[in-house]
Amino acid sequence: MRERLLYLLKHCSNLNHVETAHGFMVRTALHHDKLLLSQFIETCSSLGFSAYAHSVFSVNSQSHPHIYVFNTMIKGMTLCNSAFEALLVYKSIGRVGLRPDCYSFPFALKAVVDLRAMSLGTQIHSQAICAGLESNVHVVSALIQMYSSCARILDARKVFDEMPLASVCSDDVVVWMAMIAGYVKVGDPDTAMDLLSRMPRTQTDGAVLITWTSVIAGYAQMDRPDEAIAVFRKMQLENVVPDEIAMLAVLSACAQLGAFHIRLGECIHGYVKKRGFDQMVTLKNALIEMYSNSGNISNALHVFVNMTRRTVISWTTIISALAFHGLGTQALDMFSRMEMAQVKPNDITFIAVLSACAHVGLVDVGRYYFHAMKYRYGIQHEIQHYGCMIDLLGRAGYLAEALNLVSEMPFQPNAAIWGSLLAASNIHGDAELGELALLHLVQLEPWNSGNYALLSNIYASAGRWDKSVMARKMMRDKGVLKMPGWSFIQVSTRTHEFIAGDTSHHQFDRIHGTLFTMNEQMKTAHYDPINEFDNHDSDIGPASISYCSSF
């Protein structure tokens, strides 16, 4: 009877099932059974009936208290996003004569993280020490997660370092995983990688893979794709077999580098097919983005066309890819196909659509979609949508309308919006608008030398040389340094970065000698690369042009 009821509780799917099971438990006097009651609470919580679960728990917790049931109730509350109620249940443990165990503390600390209640978290930490559980792996892992989630990484590291060494170095890799994930969470993948290199190797392949994947993702999220790919290669050398999540992380890094790691991206695509991951929508979306960023829009389209299931992210990614490659008309056609497929667009989709309009100068179409967002699709305008629309109007020469839209925005204009107006004023020679945009840009990003250079070019193009000189003087007076030109290129599997005036590259003498020889040959051919490049006061300097030419 008990086993059959336990099975039925695990397979309840609606409120009627839950009520029927509860009634049967009461009639057969099984509602005091700790395993059945815990399973009932867990079932209610998973189905979203947390209030029902709590009412049954409250009746039984006074007459037949058991820590197992309390732990299940705390866990259920956290799963239902009722962190405050979960902590109330945790606090009531002592009132019924029970003591928290090694499962009570992790569930309570999860609620602390949800509430960002750091002071309460330190109290629970003290209670865990008083209970003699400061070395329990479940409690230690939960404490590390709690401190790192609240950006208290030094406290998390202190908990980790105080873990008895003999215990950590056996099979308790979960503590190392928590600490590594903590460093990734606070944006310190270097320390995470250092810990990963020292983490005890166990038979827990899944745990090891998760840890490698988190470090790869950490580097990718910090815009350090080269390091992310390097960690992926190290993972392969250690014979750790990547899964679909690891593939997703490394594809993100490949997408950031564009064409410089297209071969690796193609290899990963082949691996995805080989492992049978090729029908995973998230991986397909990542492949579309990777191929798009590497300049291979045909492969991106091929991946999209061969998808058996597409989400709004899939459609948005391919629309963005087409717009990014200047194929604005095709991007808008793709959006029409998305509507015919009855996939509802989101706010990100309209950023892609408005960008596509800007690329091909379809002002009327852009105006239509900008207004249709709210009235047809029920999507509120964000500052990014205003930015796209202002960019579209500015590029097309509707400068007055663009400026008027800035004044009507319910948001404070950011540097990107004023930068769009500054660029538009440069295209259409409107020095007055350029000056207005720069005044705002100086306040928002006072150390950006490109703004001053662009305004100087606007004045120079209009023949207002005194103003052009004044813009440069303003830049000098404020102590703004001109950003040096830079370039990067891949040789074999390594990406090399070159900055104007930098001599730190290990093959600098060889490169410099090759450049000198090439420059001499160009002089003999009466070719001057500097004068061929039309540049008033650009941030791209001769050094970067020469470096690009040397490979």
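Cβ atoms are placed via backbone N, Cα and C, with glycine included.
What TrEMBL lists as domain 'PROP1-like PPR' is 139-259. Mean pLDDT across the domain 'PROP1-like PPR' (139-259) comes to 84 in this model.
Annotation source TrEMBL lists repeat 'PPR' at 172-202 (among others). Per-class residue totals from DSSP over the repeat 'PPR' (172-202), listed helix then strand then coil: 23 helix, 0 strand, 8 coil.
Across the repeat 'PPR' (208-242), DSSP classifies residues as 27 helix, 0 strand, 8 coil. Taken from TrEMBL, the feature repeat 'PPR' applies to 208-242 (among others).
Marked as repeat 'PPR' by TrEMBL: 311-345 (among others). Residues 281, 284-285, 288-289, 291-293, 295, 297, 300-301, 304, 351-353, 355-360, 362, 365, 377, 379 of the same chain, all 6+ positions outside the repeat 'PPR' (311-345), place their C-beta atoms under 8 angstroms from a C-beta of that stretch.
Among the features that TrEMBL reports, transmembrane segment is placed at 312-328 (among others).
The annotation transmembrane segment is assigned in TrEMBL to 348-370 (among others). Counting same-chain residues at least six beyond the ends of the transmembrane segment (348-370), those with a Cβ under 8 angstroms from any Cβ of the stretch are 312, 315-316, 319-320, 322-324, 326-329, 331-332, 335, 338, 377, 379, 381, 384-385, 388-389, 391-393, 395-396, 398.
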Treating G and I as helix alongside H, and B as strand alongside E, what does DSSP give for the repeat 'PPR' (311-345) in helix, strand and coil?
26 helix, 0 strand, 9 coil
